[in-house]
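These notes concern the structure reproduced below.
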Amino acid sequence: MESKVKDKESLLRRLMESGGEPVSGQMLADEAGVSRTAVWKWVRELEEDGYTVRSIRKKGYVLEASPDRLSPALIRKYLNDDPFVSEIIHFESVGSTMPIAHREAQNGAPNGTVIVAEEQTEGRGRLARPWSSAAGKGIWMSVILKPDIPPHRAPQFTLITAVAICRAIRETADVEARIKWPNDLLVGGCKVTGILTELQADPDRVQAIIIGTGINVNQEPGDFPEELADIATSLRIESGQTVDRAALAASVLRNIGRYSSLYLEEGFAPIKALWEENSDTIGRKVNAVMMRETVTGTAIGITEEGVLEIRTDDGTVRGIYSADIVPAE
Ligand code: BTX
């Protein structure tokens with residue numbers, strides 16, 4: 001189905017959908033109910049954004065090249081009518097996409113609203129740790145979900161997202177990422193993705209879950225700050241190839257939609273199975289480092305609540321709700 005032209009973004013989508021065939025300026029103007037000059041102005045704006053649009057006399061406009069950007073039109077092209085995403089809000093540079101998503105959710109943004117930025121200047125992880133979010137190199141994105149569930153089930157969405165991103169990375173970049181409980185994806189022991197789940201809730205009902213995903217995509221080794229050099233990696237470093245960020249973002253969103261629906265229809269069991277299949281933690285001897293104590297033992301699985309179970313040397317099984325997991329040997 002062709003999208004209706006009404007602004008610069010929808011014009012871009014239409015040019016993308018035409019598959020290299022010229023689209024007549026008059027037709028675009030008629031459809032949008034604006035003058036041909038207004039259409040030409042949108043084209044000029046696209047060129048200022050880095051797109052190459054050729055104007056062929058008597059035939060119309062052709063999109064010849066797109067910049068490496070997470071533009072909503074490009075992500076939508078790859079989403080290919082997938083029903084999950086409702087709106088994509090794109091920024092060049094923000095402090096963090098999280099507070100923007102919180103505000104949008106409070107103001108009534110629907111399930112499937114996405115906030116994405118080329119760069120974050122104050123990206124953050126858990127416990128207010130900084131998250132390095134270099135311009136044009138990764139996917140710095142917050143997704144608003146509004147499932148009808150009680151608040152205690154919200155942490156399961158971190159696990160749903162981890163499974164979704166693993167699959168998206170496999171599909172788009174042909175890289176095998178493993179999940180480190182609860183919220184990191186690793187390749188070769190280095191962190192390629194972090195997930196931050198935040199909640200807006202009444203005592204018995206979730207208002208909104210905000211899922212922040214930070215995926216290192218096209219960084220090269222020297223692009224990471226020194227303190228991350230030994231612990232972070234990117235899909236480009238691992239695969240040796242530049243990865244199309246918009247295609248990956250679309251795949252992440254499609255899979256978050258798919259696994260959220262699976263979870264809401266069938267419960268946590270299928271997610272648990274997928275999570276354990278992709279886990280880097282299960283079966284390993286680990287230290288679970290918490291504020292007040294460290295539990296050492298073998299990680300044996302996760303519960304329905306997403307709690308990590310560790311069997312200690314004396315055979316006791318301990319449930320871990322929140323901790324940093326480090327290898328014990
Ligand atoms: P986390 O607390 O598990 O991880 C934060 C830690 O990860 C930092 O202390 C640092 O050691 C390391 N780190 C920082 N930046 C990177 C990076 N780019 N790659 C690998 N390791 C890094 C993880 O928290 C959750 C991160 C969520 C980020 C998303 S991006 C979109 C959204 N907006 C926002 O501000 N945060 C989320």
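Every residue gets a Cβ built from N, Cα and C, even glycine.
Between the candidates Lys8, Lys41, Lys191, TrEMBL assigns the biotin site shared with Gln120, Arg124, Gly125, Arg126 to Lys191. According to TrEMBL, the feature DNA-binding region maps to residues 25-44, out of the candidate ranges 25-44, 245-264. Here the Cβ of Gln120 (biotin binding site) has 24 other Cβ atoms within 10 Å, regardless of which shown protein chain they belong to. On its own chain, Gly125 (biotin binding site) has Trp131, Gly194, Leu196, Gly214 as residues at least 6 apart in sequence with a Cβ closer than 8 Å to its own Cβ. Look at Arg124 (biotin binding site): DSSP puts it in a strand. Distant neighbours of the DNA-binding region (25-44): 4-8, 11, 14, 53, 55, 60-61; these residues of the same chain sit at least 6 beyond its ends, with a Cβ under 8 Å from one of its Cβ atoms.
Look at Lys191 (biotin binding site): DSSP puts it in a strand. Within the model, the DNA-binding region (25-44) carries an average pLDDT of 94.
Within 10 Å of the C-beta of Arg124 (biotin binding site) there are 19 other C-beta atoms, taking all protein chains into account.
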